[in-house]
């Protein structure tokens, strides 16, 4: 009985196995009919599966991998969308020529962007792209290339990057090529920066005075001295004779003049504030005499000048005054603000529209001063005075000093001018932050200097210190950066140039007095060493001329000497042959008199 049951079980098992093999073979045949690229498997009678089927598909498709197998629910949609419906009865592979034609037809499909967007709307979208992004878009398709190489886009890029600001769109026919020509000298100047290859000039000093303050704008330098004199240089032309800007007090009282406390300059105006509270404003285009004079009752503690508009802000005692001309061109007091403490730092916010906006720090108070409005407190924490200040078009950055371990060290606070709230708290250093630069820094980056002798590069997106450089022997007094380098000045008189991408110091120069001012552009650098003491020191009591080492220094570095050599020779090369002054500069010049 048991043998009979066992035999019956074996027979049923063999029938089920045979039936399952028939079903499996039928399914494979149906699948082979649905896919016309691999019909040989059904013709051979043994369907290929797994890795064997993949290899056969690669061989039959001439190196092209087989398309993924569609699901059961998508097979009807795929067959309905195909360009040529598959022949279920065909058993031969598709010719390679037909496959090539079908692939070319698929490449002719136009992207959605090209079909549905008008050309004018595409231009408006592409105007927010930079040079690199436009180059990438030109590689997408022919239509995108036409849009990405539109002359209007490259004309706007050329203007945004500061090239040919006074040119019109009709002046050139290929603005992309013009931008390439404008950028070519920049790539040639960078090696000169890295190797300190160029010309250095020490601006002529007033012999009987000590340097008090220095500022510059687009190569034009202004300096004030203890003798009350204000001098202007144009470093863009080597043969420029620096004039003195005269004041009305010199004509009234020809004796000892008050010290110059602050000087400021922009493209058209020069401003100087004196120790006795006098403020003079000169128009650089009209003459050497001031066009406006304003007098405070007390000493001027801070001075600011807008770089775009004729707007001047001064702080004296507990008052902050904004001055600018009216519609007739007459200067007047436009706004006056009262603050609770003496002002330490004062800056005018750029690009504010009709009404100018200023930022003032007074002890532990930071004020937002808008013309035609009252003073508003932007920041206040008792016992945390501000130690430095800088502003950009949308943000203000200032260092705060922490008194005690509770506040976790000194920081730099970044505020939004539009929202009037704190965006970032950066730093956490033991020393006081002595300088910060957000106006000239690349987007989302900021550089600062500290009394702990370190220069810090801050990433505003992460609120972290991206780089920290041990730059100076004493505290850092001035700092500025661009897209690849940092230039810093220290209290010991050292000017250092860093390539922060490689975390490497390129070169440095040293002078006697602290570095109080640094400004550079793509091809030039201006530094000023201002002494601590403003008193004349000389061993000869009968001679009031100040010794050279106590005056202070202003240096102008030019790294595009090859370009300037065709415009005018250097001053040392214009000396006559019978003088020996040309050999006292310790410069390795080859044939300095060949240009005569």
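Here the Cβ of each residue, glycine as well, is placed from N, Cα and C on the backbone.
According to Swiss-Prot, the region 'Disordered' annotation covers 21-95.
The feature compositional bias 'Basic and acidic residues' is assigned by Swiss-Prot to 29-43 (among others).
The feature compositional bias 'Basic and acidic residues' is assigned by Swiss-Prot to 71-91 (among others).
Per Swiss-Prot, phosphoserine is recorded for 82 (among others), and the stated evidence type is similarity to another entry.
Annotation source Swiss-Prot lists phosphoserine at 84 (among others), citing similarity to another entry.
Across the domain 'F-box' (111-157), the prediction's mean pLDDT works out to 81. Taken from Swiss-Prot, the feature domain 'F-box' applies to 111-157, supported by sequence analysis.
According to Swiss-Prot, the repeat 'WD 1' annotation covers 199-248, on the basis of similarity to another entry.
The repeat 'WD 2' feature in Swiss-Prot is assigned to 257-297; the stated evidence is similarity to another entry. Counting same-chain residues at least six beyond the ends of the repeat 'WD 2' (257-297), those with a Cβ under 8 angstroms from any Cβ of the stretch are 212-218, 220-230, 232, 243-250, 303-308, 310, 312, 314, 316-317, 319, 321, 323, 331, 333, 534.
Among the features that Swiss-Prot reports, repeat 'WD 3' is placed at 298-338, with the record citing similarity to another entry.
Here Swiss-Prot flags 339-381 as repeat 'WD 4'. Nonlocal intrachain contacts for the repeat 'WD 4' (339-381), taken as residues 6+ away from its ends with a CB within less than 8 angstroms of a stretch CB, comprise 301-309, 311, 313-315, 317-320, 322, 324, 388-393, 396, 398, 400, 413, 415, 417, 420, 422, 439.
Under DSSP, residues within the repeat 'WD 5' (382-427) fall into helix, strand and coil as 3 helix, 26 strand, 17 coil. Swiss-Prot lists 382-427 with the feature repeat 'WD 5'.
Sequence annotations record features per position, and here Swiss-Prot assigns repeat 'WD 6' to 428-473. Per DSSP, the repeat 'WD 6' (428-473) is made up of 0 helix, 26 strand, 20 coil.
Within its own chain, the repeat 'WD 7' (474-511) has Cβ neighbours under 8 Å at 190, 193-196, 431, 434-437, 440-442, 445, 447-455, 457, 467, 517-520, 525, 527, 529, 553, 555, counting only residues six or more beyond its boundaries. Swiss-Prot lists 474-511 with the feature repeat 'WD 7', giving similarity to another entry as the kind of evidence.
The repeat 'WD 8' feature in Swiss-Prot is assigned to 512-559.
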*Using DSSP, what's the helix, strand and coil tally for the repeat 'WD 2' (257-297)?*
0 helix, 22 strand, 19 coil
